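Written below as structure tokens is the structure these notes are about.
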Amino acid sequence: MNVFLEIKNIKKHFGEGESRVEVLKGIDIEIEKGEFCVLLGPSGSGKSTLLNIIGGIDAADEGYISINGEKTADMNEKALTLYRRKHLGYIFQMYNLIPNLNIKENIEVGAYLSDNPLDVDDLLKTLGLYEHRHKLPNQLSGGQQQRTAIGRAIVKNPDILLCDEPTGALDYNTSKEILQLIEDVNKKYGNTIIMVTHNDAIKQMADRVVKLRDGMIRKNYLNETKLTAEELDW
Amino acid sequence: MKNPLIKRLPRELKGEIGKYIVLFLFITMMIGIVSGFLVAAGSMSVAYDESFEKYNIESGNFELLQKADDDAIKKIEDGEEKIKVYENFYLDKETKEVDSTIRLFKNRKDIDKICIMDGELPSADDEIAIDRMYADNNKLKVGDSLTVGGKKLKITGLVALSDYSALYSNPSDMMFDALKFGVAIVTDTLFDDYGEADLHYSYSWKYDKTPADDEEAQDMAEKVMKHINGISMLTQFIPEYSNQAIHFTGDDIKGDNTMITVFLYLVMVIIAFVFAITTGNTIAKEANVIGTLRASGYTKGELVRHYLATPMIVVLVSAIVGNILGYTCFKEFAVKAYYGSYSLPTYKTIWNADAFIKTTVVPLIILFVINLVMLVNKLSLSPLKFLRRDLKKRQKKKAFKLNTRIGILKRFRLRVIFQNIPNYITVFVGILFANVIIFFGLGMKPMLLHYQDIIEDNMISKYQYVLKMPAETKTEGVEKYCSGSLKTVDDKLKEETATIYGVKENSKFVHADIKDGGAFISDGYAQKYNIEVGDEVTLKESYGDKKYNFKVEGIYDDPATIAVYLTDSDFIKTFELEDGYFNGYFSNTKIKDIDDLYIATTITKDDLTKTSRQLILSMGSMISMFATAGVIMFMLIVYLLSKVIIEKNSQSISMTKILGYNNREINSLYITTTTIVVIASMLLTVPIVNVTLKYIFKVAFAQYSGWMPYYVPAKIFVEVPLLGIVSYAVIAFILTRRVKKVPLDEALKNVE
């Protein structure tokens, strides 16, 4: 196995004394380049915390994250920012678009961070947003806004795309559209994708499924019967 | 690739166009006024400095009791310090068309030369060229007639006398008088025709070797003074460095320069805090976007630069426009103000790098530093904290406890106050500063008028005659007195003249129980020098080194003068004069039976009120400008910061609407809190401002001769808060409209 992202013995707690909660109790995962990994689990299982640690926006108490041999634990704030700039793209449940920039400009905000970004107009066409490129975020539907957020994340062609409940705020059809888009991106650009979700059905489109509960991995397996986003149903 | 966030800037400006226009206009006006002032002051200062050489301004002047003959002059010139002496005799004459005194000189060709501002010098014996500022203030122009000392003269020119840039009739006056005192040039023949009754034997001198600095000038002047004293009887000796008529203008221009610059800096500090708080509010609103950008790899520096850009652009553009306005429009106001106060020669506008630095570079630095500190502090939170909208640096362990017996609405209001403490502190500081300006604007004129009143109330007599030599009168009700002058000796304050009176025991005019062996001092003297009964005051001879000590037995109620009161017998003893000596009369009626030849000066109400008169004249337009600037500043700060509070709480406001609160109830939660803070600030700042201004006045007036007591009429203590409350009512009205506009769905936005 050619390990691209190594998650080694990650532990994390919140609070102190009586209110201390062990959120992650030693997580080990190895992910290959281009793999689509889904992190599943109920609320409080620690999946978003793990995603944030992978994303370098939260720090682990113990253990390390290594991307291509670069360990995030050894990095200071400046290096972590550079790490995120170079390797990561983020998609959140709330789209967090900049309200006074139009759709194209919101994507350019991501492109600016890369030395070798994707062509913004091509990407807008891929995302089905080309006709809306001059509109402001509040003029678009939730699905279109999330597509813009995806565009902003992938335009810099990141090694890893971190998705935190990307369909959490969307209806069934729009959710499927977004999942299809993420699938297309994964295929077209070969990014490693780590997606946190509540939705159990989504695991069917993943290469790897990691189930978390109470801060521990309950299951970590490769999905042999992968479905396309189109085929998903819930 | 250019940072696409740059594209937000014009939209951000457009999005809050109202706020930025108001700030832009206010900063532009402030910078424009200050820039205009500094450019005018700088250009005037250059013209003033150059005038010393251009018009060959004297090294000093002295007055003798009698005309010195050629031998005496030769002797004076050949002292240890080699000097060249020039006759510069003058006559003080009353004018008829305007109530004033005019000082006449012959044309000066060698020293203290004249700058002709309009028309020409007189060539006929019924012509006169008068000081340009005196003419302006009394609405006289070339071609008009003016009766001077009973002779009707035609004004042929308006001039500036280089040794009278500030029209001080007497070097010991607290303030010059550009309304009731002027200088003028007449032909030699006309001058001689006036006779010797009011003739002052004044001589100007110029050193052969120019002193290197003030210290050397002082040493040289002392040698000259001692030398002249040994030859002839000096009645006045004024070296150039201590001649207020020459120096006050330059000192005042430089002093104004400092005052107005400090004023701008203080305004900029407050504006910088307003920007910091409103930007802080924007950061709070955009927390999730910032979190996303930071999570995507945007550095803290990139975001700091982004949020710093808008305030910097607004201030930079304001500074540029302000400077353009300063050089074009506002400069003229300052020039007008200076020409209305000083008799300055013609000037040329000079590019002023110092003004540019003070009005552009320094304000930008102030804004940059304050906002940078705030932004670095705010943006130092982790991306995760931004994503969670958790913008507190330290997590509060528990909510601030409030007594549950306090009603829920009151508790709610208290929570709003605690939540917005930084805003309210800035509101308090802003109101404090605005009130200083408003207080000054509203209080200055009443203070000057009060000063006039107390002078009038405390005048020893309606007419106070100072005689050149003893002369008797048959006028009834007069009282003889002795007077002289000594110089103050104080380490901190500059030397000034104190009048020493010798009055009769149980005087009808000086109502003080002065006994032999004890001295009273004026209230003004006591206040200025912090002297109390029982202290000893030391004064020294004006033209010598001999010192005199007086034990203070009482304070005489005269707050406007620096004076010591002795009994006439003590006066005679102290100054070793002959028994029965006197040199003046107190009288409430005009003395008509003493020849003018014997009278050195007649002091009337007009002479004593010249300070307040001149200050009202010089500062009249500025006083109202200050009050207006203060009100605008007050409204700007209170509005912008209370708007931030509404914006910050828009989700809570929306939620309370959803819960069923009506607008009146919501206003009582969010606007009443600001109202409480504003009213409390208004009431609290007024006494603080009063104490601060009292201190500032004491320090400021300590630099002048004489004393002006600080006084604020009671109505100002009501007017200032009232003005604030009325201004705030307008703001509160706008705020209620904003609260009304908060949509119901606001509560549902961006809630994770």
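Positions of Cβ are set from backbone N, Cα and C atoms, glycine also.
The domain 'ABC3 transporter permease C-terminal' feature in TrEMBL is assigned to B:262-375, B:625-743. Residues or ranges marked as transmembrane segment in TrEMBL: B:21-48, B:262-284, B:304-325, B:361-387, B:421-442, B:622-646, B:667-690, B:710-735.
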Cβ contacts under 8 Å made by the transmembrane segment (B:304-325) with residues that lie 6+ beyond its boundaries: 3, 5-6, 8-9, 12-13, 20, 23-24, 27-32, 34-36, 271-272, 275, 279, 282-283, 355-356, 359-360, 363-364, 367-368, 371-372, 375-376, 379
Best-contacting stretch, by C-beta pairs under 8 Å, relative to the transmembrane segment (B:421-442) and drawn from B:21-48, B:262-284, B:361-387, B:622-646, B:710-735: B:622-646
For the domain 'ABC3 transporter permease C-terminal' (B:625-743), the mean pLDDT of the predicted model: 85
Candidates B:21-48, B:361-387, B:622-646; stretch with most C-beta pairs under 8 Å toward the transmembrane segment (B:262-284): B:361-387
Residues of the domain 'ABC3 transporter permease C-terminal' (B:625-743) by DSSP state, where helix covers H, G and I: 102 helix, 0 strand, 17 coil
Residue distribution over DSSP helix, strand and coil in the domain 'ABC3 transporter permease C-terminal' (B:262-375): 99 helix, 0 strand, 15 coil
